[in-house]
Amino acid sequence: MERVIGVIGGSGLYEIDGLEGADWVTVETPWGPPSDAILTGRLDGVRMAFLPRHGRGHVHSPSSVPYRANIDALKRLGVTDIVSVSACGSFREELAPGDFVIIDQFIDRAFAREKSFFGTGCVAHVSLAHPTCPDLSRACFEAAEGVTVHMGGTYLAMEGPQFSTLAESRLYREQWGADVIGMTNMPEAKLAREAEICYASVAMVTDYDSWHPHHGEVDISDIIAILGANANHARALVARLPALVGAARAPCPHGCDHALDHAIMTAPERRDPDLVARLDAVAGRVL
Ligand SMILES: CSC[C@H]1O[C@H](OP(=O)(O)O)[C@H](O)[C@@H]1O
Ligand SMILES: Nc1ncnc2[nH]cnc12
């Protein structure tokens, strides 16, 4: 099977360079338009699809990012592996601004977003115990150079757009054991799993949120200052990834690409034909 790497670029990462045959393509989905057109092309012989999560010019807030359309659009382009790149705040002294964290767990505190492709008329329950793909995550770890990168970490997804209160920051860090905080990886990771796409998250630390006694409260101008350097390191990681993983793809040994095998609960005769039609790209394999 051919590998197609999708990259979702977060704050500060609105395009990538070096793609052969680069072309911004508009993709329509049954879930509305994605955040922006998608930059397609090849890197080291591997097909790539880059989507700026907030749109070029940072148009969408974390709550208004069209997460379902984004994942559906990448699936329609044949994407098999998604690398999410995001800015985040840190809850750990050792996860310093400028560092990268390869996320392996999430706590989802976002509440004002559509979180599933499924629903009334076609109910599905996928496993999310291990929400990221270990193999793709390892490849991202190995592709990071010139930056301190930490393997594993728990990302707390908050609704935003305001940053956390001091009490929230302390709660997430001291009692919930979160390592970093951001506003976008959920429901993105959930939807990627429903769409049977391997998902890895590269979180780029920009600040210590509000808990740190010597760093004061999180400030957007500090974040923007860090974002520029982070984005260059992220671009370099993306540039090294295709050669590391190659253009041929075996079935995912962790089952990411078969998440829907036993997930759909609704009896075939009770399924809503309109919803089933909307699921053509995401779940066509099993419907
Ligand atoms: C620019 S600070 C807050 C903003 O940045 C992060 O976005 P992304 O995850 O797309 O890199 C964070 O989640 C907030 O949306
Ligand atoms: N402290 C923080 N909280 C939430 N999202 C962020 N993105 C970058 N820093 C953040």
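For all residues, glycine too, the Cβ spot is worked out from N, Cα and C.
Taken from TrEMBL as is:
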DOMAIN    5-241  domain 'Nucleoside phosphorylase'
BINDING   SER11, ARG53, HIS54, SER86, ALA87, THR184  phosphate binding site
SITE      SER164  site 'Important for substrate specificity'
BINDING   MET183, ASP207, TYR208, ASP209  substrate binding site
SITE      ILE220  site 'Important for substrate specificity'
Filtered recorded positions, from ALA87, TYR208, ILE220, whose Cβ is under 6 Å from an atom of ligand 2: ALA87
ASP207, TYR208, ASP209, ILE220 filtered to the recorded positions whose C-alpha is within 10 Å of SER86 (phosphate binding site): none
Check: same-chain CB within 8 A of phosphate site center, minus SER11, ARG53, HIS54, SER86, ALA87, THR184: GLY9, GLY10, GLY12, LEU13, PRO62, VAL85, GLY182, MET183
Contacting recorded positions for ligand 1, chosen from ARG53, SER164, ASP207 when the Cβ sits under 6 angstroms of any of its atoms: ARG53
Pairwise CA distance, THR184 (phosphate binding site) versus TYR208 (substrate binding site), rounded so that it is a whole Å: 18
Cα distance (Å, whole number) from ILE220 (site 'Important for substrate specificity') to HIS54 (phosphate binding site): 16
Sparsest Cβ surroundings (other CB atoms within 10 Å) among the recorded positions ALA87, MET183, ILE220: ILE220
Rounded distance in angstrom between the Cα atoms of TYR208 (substrate binding site) and ILE220 (site 'Important for substrate specificity'): 12
